[in-house]
Amino acid sequence: MYHDLIRSELNEAADTLAKFINDDANIDAIQRAAVLLADSFKAGGKVISCGNGGSHCDAMHFAEELTGRYRENRPGYPAIAISDVSHLSCVSNDFGYEYVFSRYVEAVGREGDVLLGISTSGNSGNIIKAIEAARAKGMKVITLTGKDGGKMAGSADVEIRVPHFGYADRIQEIHIKAIHILIQLIEKEMVKA
């Protein structure tokens, strides 16, 4: 009944992944991001992650697998997803939604920490404001974006960009894979002397 649609969706996902894999810049960006994060952890820093909608879920998933576990048991790593509902609703109400992440970064971000901002379009105003707040704190910035990087293009120390111009779900599929690889590489870096 839906076999053709299912195959079409899976083929499009596979094609998007293949294009991402075949661009060496993407592989290099993931490696640089993992080393940047591990270096921050080794120096006593933390990562603060944020996103909207599905990207918000990815930011939470990233933090959870760093503080909890990925595949193997190991010490937890310092990671916070900006997801506290009371903070989000307070700042949205009192300042506006575009400040929900930047206010948090202003409050808890420190020099040596890393901000991970996730936006499939690269145009999320509240992520852009969080990047500005992170820069003001002396933090490093990693972004996961899509399409042409949007307004966030060029704003990060490391940008992992999925150059897909269709629906956001294809970009999110690559983002979650990149997140899992980041965690795997961070774990390898953390056991180095």
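The backbone N, Cα and C atoms fix where each Cβ goes, and this holds for glycine too.
According to Swiss-Prot, the feature substrate binding site maps to Asn52, Gly53, Gly54, Glu65, Asn93, Asp94, Ser119, Thr120, Ser121, Ser124, Gln172, an assignment based on sequence analysis. A coil conformation is recorded for Ser119 (substrate binding site) in the three-state DSSP classification, outside any helix or strand.
The Zn(2+) binding site annotation in Swiss-Prot covers His61, Glu65, Gln172, His180 and rests on sequence analysis. Under the three-state DSSP scheme, His180 (Zn(2+) binding site) falls in the helix class. Long-range Cβ contacts of His180 (Zn(2+) binding site) within its own chain (separation 6+, distance under 8 Å): Glu65, Tyr70.
Under the heading domain 'SIS', Swiss-Prot lists 37-193, citing sequence analysis as support.
Here the Cβ of Asn93 (substrate binding site) has 9 other Cβ atoms within 10 Å, regardless of which shown protein chain they belong to. In space, Gly54 is the closest of the binding-site residues Asn52, Gly54, Asn93, Ser121 to His61 (Zn(2+) binding site), judged by Cα positions.
Mapped onto three states, the DSSP output places Gly54 (substrate binding site) in helix. Taking each of the binding-site residues Ser119, Ser121, Gln172 in turn and counting other Cβ atoms within 10 Å of its Cβ gives the largest count for Ser119.
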